[in-house]
Amino acid sequence: MEKYVVVLAAGKGTRMKSKLYKVLHKVCGKTMVEHVVDAASGINPTKIVTVVGTGAGEVEKILANKSDFAFQEKQVGTGDAVMTAKEALGDKEGATLVVTGDTPLFTTDTFNELFKYHAEKGNAATVLTAEAPNPFGYGRIIRDNQGNVLRIVEQKDGNPDELKVKEINTGVFCFDNQKLFEALKHVDNDNAQGEYYLTDVLEILRNNGERVGAYKMPDFSESLGVNDRVALAQATKTMQRRINEAHMRDGVSFIDPDTAYIDADVKIGNDTVIEGNVVIKGNTEIGSDCYITNGSRIVDSKIGNGVTITSSTIEEAEMDDNTDIGPNSHLRPKAIIRKGAHIGNFVEIKKAEIGENTKVGHLTYVGDATLGKDINIGCGTIFSNYDGVKKFHTNVGDHSFIGAGSTLIAPINVADHAFIAADSTITKDVGKYDMAIARGRQTNKEDYWHKLPLSKDKDWE
C-alpha cells in the first residue's frame, strides 16, 4: 500500500500573538512543522504535501527538501485545506495521513500504528482518537451503540450530551486516498463557524456505506495542539522530558533532568554526565566520558571525548579529546581547542586555535590567533587584534611562554621556544629562543614614604 501525507500548516495562529508564522515556533530547537514532517517521514511515505497559506515562504524554505507544497488562499476550514492537495494526490491509490502542523509531539510509532489499524480493518477512514482528561475545545467522537464512529462534533456545534464525551479527535486521520478527495466534493460550510470541516468527510463516507473506524492511542499527551504560548511551553516540557529520557537510555547521566534543556538534534555519547541548569542547543555533538557542570551553555559545537566543561559558554566552537574549560569562560565562534589543552576561568577565545597541551589559565582574551602546542599563557594576557577598522592575526609557536599581563598587538609572530617577560607590550616579531621585554624600568625612591601625607597618620605608622 502506497502511503501519502498531508500536513496542514496554513493557519495564521492569531492566539500566539506573534509576527512569526505559527508552525515556525520552535519546540526544543526545531520548528513545530519540522517535528511533524520528520515524524511522518518515518513511515516512509511516497509523498508529503504541506498546505501553506499567505506569507508561508519560510515554511517552504525550511521544508524545501522534505515536502511538496499546496497553497490555501483563504483559511476557510480543514476540508478546504486538504482539497488544495488534490492536484498532487487526487489520482493516487493508497492511504493518506492527514495531520496538523501545530502538533509537534506525535511520533512515528503512533503514525505506524494508525496505518496498521487502518489497513487491518479495511477502513475508508480511520480517525486517531484519545481519552482527554479535560476535553473542552476538542472535537468529540460520537459512536453508535456498537461502537462504530458516526461523526465528530466540534465544541461550538455540540449539544450538552455530546459535549460530555471525553474521547476526542486528535486532528489526525488516515483515509483511502481516492475516497477522501471524492467525499471532499460534498463537504459544505453549514455550521457555526461557516467553515469546511474535514471531519464531515467521515459522515459522508459512512452514509455512502463505507467503513469508518477509530484508533484510540494510549498517550493523550502526544495530541497536544499548540495554539498559544502556554501550550507551546507545555509541548516544550513534554518534548524535553522525552529527549532527556532517550539520552539516559543511551547511557547519558543527568543529575537533574528536569532542569537540563537539550535540543532535539543534539548528540551525546555514553558515560557523559550532565548536571542541572545546563543548556545544549542546535546541532551540538558531545562525545563520551564528558562532564558538564551547572550553568553551562553549548550551542552548535563539537565536543570530543573526556572533556570537562565547568559553568562556561561555548558557541560554534570545537573542543578536542581530554580538554577542559572553566569556570566562567567563553568560547566564541571558530574557537578550536586541541587535545589536552586547558582553558581556565574567565577566559574568552574567539576565532583562534589553541594547540595541544597549551594552557590558557585565567583572565585572558585570545582573538584571531593561532597558538601552537605546549604553550603557557600567563594571567591577564591580551591578544590585541583590532585597530578600529580591521582585525589582525597573531601566531605563537610551540613551547613558548607568555608572561602574565602581556599584550600582543597584532599582526605579529612569536616563534617556537620564545619567552615574553611579564607585563610586556609586544609590537614586533619575537624570534626562536629569544626573550622579549617591553616594559618601563623600575625606579625606587629611597625614604619616599615620609614625604607622603599618610606618613603623619598614626594609623599608618
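Glycine too: its Cβ is placed from the backbone N, Cα and C atoms.
These features come from Swiss-Prot:
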type	residues	note
REGION	1-229	region 'Pyrophosphorylase'
BINDING	8-11, Lys22, Gln72, 77-78, Gly139, Glu154, Asn169, Asn227, Arg332, Lys350, Tyr365, Asn376	UDP-N-acetyl-alpha-D-glucosamine binding site
BINDING	Asp102, Asn227	Mg(2+) binding site
REGION	230-250	region 'Linker'
REGION	251-461	region 'N-acetyltransferase'
ACT_SITE	His362	active site, proton acceptor
BINDING	Asn385, Tyr386, Ala422, Arg439	acetyl-CoA binding site
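Across the region 'Linker' (230-250), DSSP helix (H, G, I), strand (E, B) and coil residues number 20 helix, 0 strand, 1 coil. If you take the Cα of Asp102 (Mg(2+) binding site) and the Cα of Asn169 (UDP-N-acetyl-alpha-D-glucosamine binding site), they are about 15 angstrom apart, rounded to a whole number. Sequence-distant contacts of the region 'Linker' (230-250) (same chain, at least 6 residues past either end, Cβ-Cβ under 8 Å): 16, 25, 27-28, 32, 35, 104-105, 221, 224, 257-258, 260-264, 266, 268, 270. When the record's acetyl-CoA-binding residues Asn385, Tyr386, Ala422, Arg439 are compared pairwise by CA position, the greatest distance found is 22 Å.
Averaged over the region 'N-acetyltransferase' (251-461), the predicted model reaches a pLDDT of 97.
For the recorded positions shown (Lys22, Arg332, His362, Arg439), fewest C-beta neighbours within 10 angstroms: Arg439. Among the recorded positions Asn227, His362, Asn385, Tyr386, Ala422, the ones whose Cα sits within 10 Å of the Cα of Lys22 (UDP-N-acetyl-alpha-D-glucosamine binding site) are Asn227.
Long-range Cβ neighbours of Asn385 (acetyl-CoA binding site) (same chain, at least 6 residues apart, Cβ-Cβ under 8 Å): Gly367, Asp368, Ala369, Lys391, Phe392, His393, Thr394, Ala410. Annotation for Ala422 (acetyl-CoA binding site): spatial neighbours Gly378, Gly403, Ala404, Gly405, Ser406, criterion Cβ-Cβ under 8 Å with sequence separation of six or more. Cα of Asn227 (Mg(2+) binding site) to Cα of Ala10 (UDP-N-acetyl-alpha-D-glucosamine binding site): a span of 13 Å. DSSP gives Ala422 (acetyl-CoA binding site) a coil state; it is part of no helix or strand. Spacing of His362 (active site, proton acceptor) relative to Arg439 (acetyl-CoA binding site) is 22 Å (Cα to Cα, whole number). Rounded to a whole number, the distance between the Cα atoms of Arg439 (acetyl-CoA binding site) and Gly77 (UDP-N-acetyl-alpha-D-glucosamine binding site) is 76 Å.
Asn227 (Mg(2+) binding site) falls outside any helix or strand according to DSSP and counts as coil.
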